[in-house]
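**Q** First the structure, then my questions, so here it is.
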Amino acid sequence: MDAPVKMIVGLGNPGRTYEDTRHNAGFMVLDRLAARWGAVFKADRQRKCEVAAGPGVLLVKPSTFMNESGLCVGPMMRFFKLDPRSVFVIHDEVDFPLGVIKLREKGSAGGHNGIKSLIAHMGTQEFPRLRFGIGQPRGKGEMIGHVLGKFRPEERELLDVTLGKAEDAVLYTMEHGITRAGNIFNAVPG
């Protein structure tokens, strides 16, 4: 049985330099949810994050860099005594093209350093997530520039559609659980 979502974590890098970069797809989805609910992020320096309150759920943005996201999420989970399965994580995914989102109940990091940090600090791989496709770099050896780069102007329309789809998937997951949401949103073509 799916655990109810109590905390939604968007992964990204803090600061203006990284706003609207591919690696910050998780932050972008969280910003949309916060706007929908009129929620305002406030700094929680002790737990290294920004937190906003949604309807029965916490929205959390780590204020650490991506590779250290667990330094925020692990302490938040323990402070609020949350089951890891109730911590829903949104992150970028280079293995999917822009336009594709996939929900996953649990699993390995798959090479994503932010997820590796979460697994290390949460002590488990068993937390649901939404993987937000950002596509592969155009050339070999350009991964860092790709994930830290901004979306191109010609990608903006598809980005907006995909952010809306991700927002819908989160809301559906909150109401119906990750299993049912995955059956619907994972079947939708990009």
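Cβ atoms are placed via backbone N, Cα and C, with glycine included.
Copying in the features that Swiss-Prot gives for the protein in this structure:
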SITE      ASN13  site 'Discriminates between blocked and unblocked aminoacyl-tRNA'
BINDING   TYR18, PHE65, ASN67, ASN113  tRNA binding site
ACT_SITE  HIS23  active site, proton acceptor
SITE      ASP92  site 'Stabilizes the basic form of H active site to accept a proton'
**Q** Going by C-alpha distance, which of the recorded positions ASN13, HIS23, ASP92 is nearest to ASN67 (tRNA binding site)?
**A** ASN13
**Q** Taking the Cβ of ASN113 (tRNA binding site) as the centre, how many other Cβ atoms fall within a 10 Å radius?
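**A** Other Cβ atoms within 10 Å of ASN113 (tRNA binding site): 14.
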**Q** DSSP three-state call for ASN113 (tRNA binding site): helix, strand or coil?
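**A** Its secondary structure by DSSP: helix.
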**Q** What does DSSP call ASN13 (site 'Discriminates between blocked and unblocked aminoacyl-tRNA') in the simple three-state scheme?
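**A** In three-state terms, ASN13 (site 'Discriminates between blocked and unblocked aminoacyl-tRNA') counts as coil.
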**Q** Across all the protein chains here, work out how many other Cβ atoms are within 10 Å of the Cβ of PHE65 (tRNA binding site).
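**A** Taking every protein chain into account, the count is 17.
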**Q** Calculate the distance in Å between the alpha carbons (Cα) of ASP92 (site 'Stabilizes the basic form of H active site to accept a proton') and HIS23 (active site, proton acceptor), and round it to a whole number.
**A** 6
**Q** Other than TYR18, PHE65, ASN67, ASN113 themselves, what residues in this chain have Cβ atoms within 8 Å of the centroid of the tRNA site's Cβ atoms?
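**A** What remains near the Cβ centre is ASN13, HIS23, THR64, MET66, GLU68, SER69, GLY114.
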**Q** The record lists TYR18, PHE65, ASN67, ASN113 as binding tRNA. What's the largest Cα to Cα distance among them, in Å, rounded to a whole number?
**A** 17
**Q** Give the sequence-ordered list of residues that share a chain with the residue listed as 'active site, proton acceptor', lie 6 or more positions from it, and have CB atoms under 8 Å from its CB.
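**A** Spatial neighbours, sequence-distant, of the residue listed as 'active site, proton acceptor': LEU11, GLY12, ASN13, MET66, ASP92, ILE134, VAL147, LEU148.
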**Q** Ten-angstrom check, please: count other Cβ atoms within 10 Å of the Cβ of ASN67 (tRNA binding site), all chains counted.
**A** 13
**Q** If I restrict to non-local contacts, at least six residues apart, and a C-beta distance under 8 angstroms, what lies near TYR18 (tRNA binding site) in its own chain?
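**A** Set apart from TYR18 (tRNA binding site) by at least 6 residues yet with Cβ under 8 Å, we have GLY12, ASN24, LEU148.
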**Q** What is the number of other Cβ atoms found within 10 Å of the Cβ of ASP92 (site 'Stabilizes the basic form of H active site to accept a proton')?
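**A** Neighbour count, Cβ to Cβ under the 10 Å cut-off: 24.
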**Q** Enter the number of other CB atoms within 10 angstroms of the CB of ASN13 (site 'Discriminates between blocked and unblocked aminoacyl-tRNA').
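**A** Total other Cβ atoms inside 10 Å, all chains included: 21.
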**Q** What does DSSP say about ASP92 (site 'Stabilizes the basic form of H active site to accept a proton'): helix, strand or coil?
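**A** Looking at the DSSP assignment, ASP92 (site 'Stabilizes the basic form of H active site to accept a proton') belongs to a strand.
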